[in-house]
Amino acid sequence: MLFYFEKGANYMNRNVDLRTFVMNILNGVATGIVVVLIPGALLSELFKALVGVLPQLTIVLNALNMSNSLMGVVCGISIGMRFGFTPIESFSLGLATHLASGSVLFKNGTMIMNGTGDIINMMITAAIGSCVILLIGDKLKSFSLLVIPPVLLAIIGVSGLLLYPYVSQITAFIGVGVKQLTALQPALMSVLLAEVFALLILSPITTVGIALAVSLSGLGSGAANLGICAAGFGYAIMGWKVNSRGTSLAMFMGSPKMALPIVMRNFKTFIPIAANAAILGLLGYFFNIKGTPMSAGFGISGLVGPLNHINLAAEGWSVTNVVVALLVFIIAPIFLALLFKYVFTTVIPLVNEEDYQLDM
């Protein structure tokens, strides 16, 4: 696949080969995910605690929920910027991607924004829309404003929306597999769920959606959160020297899903994270780390994982429970990430730090 197109004075001539095309989609989605999820990750739990004292802060919680529901449009615009599209093209791609995300529902003449939507369908729609822009965008010249927005929204966006029910079945299928793991012996279940969720958080699949679909609770929910902690701290520490501090911190404070382009580019980067997740899964079993279907899939983001464990644990907010939460959700993942960074870059050199560089 090779596209060549010429833009105006503010846009450079570019060749887009298949690899560049795919990485633009992945990096654009990764950037959009971070922008949308970071506000909630940093503020959600804090304002939930404060809203009982200051009900006026409910407006902030509503704003955070709104942010999540706009993931489609933000990812679409971000992808357009990666390709160097004009503002008209980028915004049109954002609208089409948002419509296809499934986060906008139409019922009885009412439009409802619900959840983040399906990231896989966003990527498919954005990819098709980008192909259309690359093929015809430079030929339209002054007619771009009249053609690109309606074509992308009415044809690409609607086609993506019609595709949504089928693409969303991928998540349902994975949920069936996850459900089977919950029937295993607890220690084995904890290890496997930690591994699975460490991988899922690095994919376009929504971990929260999977957890809710199978009502993942108790020990299983705790293991899922620990797997996500392994991914967040693991990719942050592995790429600490090659990424900005903000990018590295966002890996676990926001969402490890922003590392999606890294995994797709080189799957070997997941090996240290898999080792980390396996041990954290065992620690989760040993310390009886728990969670709820709603908390599973967040990890350390917004402190959702540790706070829910403490609330569910016997004796609640005791010193012991707080220390255990700090140990399992923060100290152990960091220590294991440092350990496996040394093992897999020095002792058994399967990866190097440059493999973890993220283009944000």
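Note that Cβ sites are derived from N, Cα and C of the backbone, with glycine treated the same way.
What TrEMBL records for 21-43 (among others) is transmembrane segment. Proximity of distant same-chain residues to the transmembrane segment (21-43), defined by a Cβ-Cβ separation under 8 Å and at least 6 residues beyond the stretch ends, is recorded for 1, 3, 60, 63-65, 67-68, 70-71, 74-83, 116, 119, 122-123, 126-127, 130, 204, 250, 253-255, 257-261, 264-265, 301-302, 358-360.
Per TrEMBL, the feature domain 'Phosphotransferase system EIIC' maps to 23-357.
If one looks beyond the transmembrane segment (63-85) by at least 6 residues along the same chain, the residues whose Cβ comes under 8 Å of a Cβ in the stretch are 7, 11-12, 14, 16, 24-25, 27-29, 31-33, 35-37, 39-40, 43-44, 47, 91, 93-101, 103-104, 113-117, 119, 122, 125-126, 129-130, 133-134, 137. Annotation comment: TrEMBL describes 63-85 (among others) as transmembrane segment.
Same-chain residues lying 6+ beyond the ends of the transmembrane segment (119-137) with a Cβ under 8 Å from its Cβ atoms: 3, 5, 16, 21, 24-26, 28-29, 33, 71-72, 75-76, 79-80, 83, 85-86, 89, 92-93, 96-97, 100-102, 144, 147-148, 151-152, 156-157, 159-160, 163-164, 167-168, 170-171, 204-206, 257. Feature annotation from TrEMBL assigns transmembrane segment to 119-137 (among others).
Under the heading transmembrane segment, TrEMBL lists 143-167 (among others).
Residues annotated as transmembrane segment in TrEMBL: 188-216 (among others).
Within its own chain, the transmembrane segment (222-242) is flanked in space by residues 189-191, 193-199, 201-202, 207, 211, 216, 248-249, 251-252, 255-256, 259, 262, 269, 272-273, 276-277, 280-281, 283-285, 288-291, 295-301, 304-305, 309, 328-330, 333-334, 336-338, 340-341, 351, 353-358, which lie at least six positions past its ends and keep a Cβ under 8 Å from the stretch. Residues or ranges marked as transmembrane segment by TrEMBL: 222-242 (among others).
Sequence-distant contacts of the transmembrane segment (263-287) (same chain, at least 6 residues past either end, Cβ-Cβ under 8 Å): 22-23, 26, 186-187, 190-195, 197-199, 202-203, 219, 222-223, 226-227, 229-231, 233-235, 238, 324, 327-328, 332-333, 336-337, 340-341, 343-344, 350-351, 355-356. According to TrEMBL, the transmembrane segment annotation covers 263-287 (among others).
Long-range contacts of the transmembrane segment (322-344) within its own chain (CB-CB distance under 8 A, at least 6 residues past either end) are made by residues 225-226, 229-230, 232-234, 236-238, 271-273, 275-276, 279-280, 283-284, 287, 289, 300, 305-306, 309-310, 313, 350-351. The annotation transmembrane segment is assigned in TrEMBL to 322-344 (among others).
Listed by sequence, the residues of this chain that lie at least six past the ends of the transmembrane segment (143-167) yet keep a Cβ under 8 A from its Cβ atoms are 86, 88-89, 91-93, 95-102, 118, 120-121, 124-125, 128-129, 132-133, 136-137.
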